[in-house]
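Notes follow the structure.
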Amino acid sequence: MAETDLSPAPRTSTADTAPGNASAGRPTTATAATTPPRRRRAPRTPGRHGGNRPLRVILRLAVIVYLFFLVVWPVSLVVLRTFAPVGDTGGWDAFVTRISDPAFLYAFGLTFTAALWAVGLNAVFGLGISLLLVRYSFPGRRLLSALVDLPMSVSPVVVGLALVLAYSSNQGRFGPLLQSLDWQIVFSTPGIVLATTFVSLPLVIREIVPVLEEIGTEQELAARSLGAGAVQTFRRITLPAIKWALVYGVVLSLARALGEFGAVKIVSQGASFNGETATLLVANRYGNFDEASAYAAAFLLVLTAITALVVVTILRPKEHRS
Amino acid sequence: MSITVSGINKNFGDFVALQDINLEIPSGQLTALLGPSGGGKSTLLRIIAGLENADSGSITISGQEATHLPAQKRNVGFVFQHYAAFKHMSVAKNIAFGLEIRKLPKARIKEKVDSLLELVHLTQFADRLPAQLSGGQRQRMALARALAIEPSVLLLDEPFGALDAKVRKELRDWLRRLHDEVHVTTLFVTHDQEEALEVSDNIVVINQGRVEQVGTPDELYDQPANDFVLGFLGPVTEFQGRLVRPHDLEVFRQEVPGAVAGRIARSTRVGFEVRLEVELNGSADAAPVNVVVTRGEARALGLTVGDTVFLGLQAVLV
């Protein structure tokens with residue numbers, strides 16, 4: 001038979017190197033939607049700037065210094081302060097006491113409830129919108145694509161104000177209806193969910209869209225010609241291909257949702273046991289000279305975000321193997 | 001007749017992709033859709049497969065009206081130029097896909113996949129991912145995947161277009177042998193006339209959305225319906241106001257009745273053949289006539305640049 005049979009070494013052509021996840025791994029892809037799908041970069045080799053070693057060292061140093069003073073140092077101060085002694089209390093025991101405060105538990109419970117709703121809604125609708133944007137052409141497609149980015153560019157405070165205008169019981173368009181149903185959206189949990197969903201809307205979409213564009217439609221068409229219906233094609237072909245983009249989008253959404261402050265500040269009552277989310281709690285406690293509690297809550301928020309990123313980083317190598 | 005195409009029209013906006021196409025594709029044979037890029041042949045293939053809808057006209061596959069059937073109900077095997085391999089599935093899983101969709105028993109699927117792997121010589125690659133295969137191997141996998149569903153027709157869209165010349169040649173021979181084994185009605189799109197002439201039983205020449213000619217490779221080569229078909233199936237040159245093939249001209253050193261005198265302006269040796277450009281006497285402004293002779297002929301006649309020669313059409317063609 002053809003002698004190509006015998007060569008065990010995989011020959012990779014440009015058509016097959018990237019398993020559709022080239023962009024899934026970059027945390028900055030929320031803004032990468034406008035760039036064409038990219039191939040994964042070749043691994044960095046030591047000799048890439050071999051002729052310019054001093055420049056490489058200076059660049060590396062500059063980046064490290066920049067990141068240290070901008071991110072690492074300030075965040076580490078929060079961590080240190082969390083466990084610092086205040087008066088005669090402090091350390092781990094004091095931290096545990098602070099976070100066992102029922103108001104704390106309520107605030108984190110509310111934050112996680114809102115975040116899970118937001119992430120769930122955005123995963124489902126984000127997937128739908130992505131498929132619509134990439135797989136179908138219709139009038140207004142570009143407008144929709146731009147609209148999807150709006151929540152990223154508008155200040156969350158403005159989002160909050162807009163939601164209050166639209167959905168509050170006493171001044172919103174649906175005010176009378178909501179009042180007659182005795183259903184309060186703004187200044188209660190649904191409002192917080194709405195605000196959180198709004199601000200994290202683009203993240204899932206901006207992860208999935210480039211991957212969908214890159215995999216193209218041929219695999220789906222092949223599945224169709226082999227007898228698969230629309231649902232089978234989606235489940236067996238499309239979903240596995242965009243799985244990692246979806247996971248990454250969900251994690252980014254989760255991190256964004258947990259940290260949301262501005263929009264929630266407007267649509268929530270923001271009082272203890274009454275619409276006070278974790279970020280609002282940080283602000284309230286800090287404002288009320290209960291800095292120790294503020295740092296404890298802040299530490300938990302940082303910890304959650306870092307955990308999410310670490311989990312994804314551990315999971316991600318699998319994507320390279322597939 | 002295995003595939004009947006009648007009155008198919010297809011426009012993309014202002015662009016006429018296909019215009020009143022009527023075709024009968026005989027069953028059990030290997031038919032090539034040959035034509036230049038953008039001529040509409042791939043569009044026709046995709047319409048037959050149900051991957052694209054015609055504006056008007058109808059398609060019948062194995063006697064069954066298929067015009068409005070969705071792709072997944074047509075029982076058509078389709079092979080794409082860029083393989084369309086399911087990247088997250090092993091070779092065996094790729095081939096099993098259509099069978100799993102049809103919910104065949106597991107044992108039966110395994111049996112079929114094993115025999116197909118053998119047919120396409122990929123048995124030892126069963127557990128590899130497509131990314132670990134060469135282009136040629138991937139295309140053979142795609143073929144096995146399409147054959148697995150026992151399609152009533154097999155459609156191949158430029159199946160060897162993405163492969164390098166050597167692998168393309170090997171796969172072409174292999175496809176011919178495979179077809180002699182499985183005998184499934186096969187329609188394949190190509191823009192390579194050599195590929196079409198070498199592999200197929202029948203050729204349909206399509207250009208600018210229209211069928212130019214249908215026939216066996218011999219018919220098309222020897223009795224082209226028009227200048228387009230003549231020109232597309234091989235090199236042509238103008239000689240005394242008509243288009244002829246460069247190798248159908250005979251070169252003489254002495255004047256012969258019917259032959260025209262000229263001067264060899266250029267001579268290029270390519271492998272076993274020698275390509276001459278001959279400027280005919282009295283028509284210096286016209287493009288030179290291209291003539292191809294074998295290396296042996298050129299040597300026997302002692303042809304060199306600047307020589308005066310006499311050109312005539314080979315006796316069989318006059």
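In case you wondered, yes, glycine gets a Cβ from its N, Cα and C as well.
Sequence annotations record features per position, and here TrEMBL assigns region 'Disordered' to A:1-49. Look at TrEMBL and you will find A:24-36 tagged as compositional bias 'Low complexity'. The compositional bias 'Basic residues' feature in TrEMBL is assigned to A:37-49. Taken from TrEMBL, the feature transmembrane segment covers A:57-84, A:104-134, A:146-165, A:185-205, A:241-259, A:294-315. According to TrEMBL, the feature domain 'ABC transmembrane type-1' maps to A:108-312.
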Task: Grab the same-chain neighbours of the transmembrane segment (A:294-315) for me: Cβ-Cβ under 8 Å, and only residues 6 or more beyond its ends, written as numbers and ranges.
output: 27, 75, 78-79, 81-82, 95, 98-99, 104, 107-108, 247-248, 251, 254-255, 258-259, 278-279, 281-283, 285-286
- line: Outside the transmembrane segment (A:104-134), at least 6 residues beyond either end, the same-chain residues with a Cβ under 8 Å of its Cβ set are 98, 141, 144-145, 148, 189, 192-193, 196-197, 200-201, 203-205, 208-209, 212-213, 238, 242, 246, 249-250, 253-254, 257-258, 260, 264, 272-273, 275-281, 293, 296-297, 300
Query: Sequence-remote contacts (6 or more beyond its ends) of the transmembrane segment (A:185-205), Cβ cut-off under 8 Å?
result: 30, 33, 110, 113-115, 117-119, 121-123, 125-127, 129-130, 133, 148-149, 151-152, 156, 159-160, 163-164, 167-169, 172, 178, 246, 249-250, 252-253, 256-257, 260, 263-264, 266-269, 275, 277
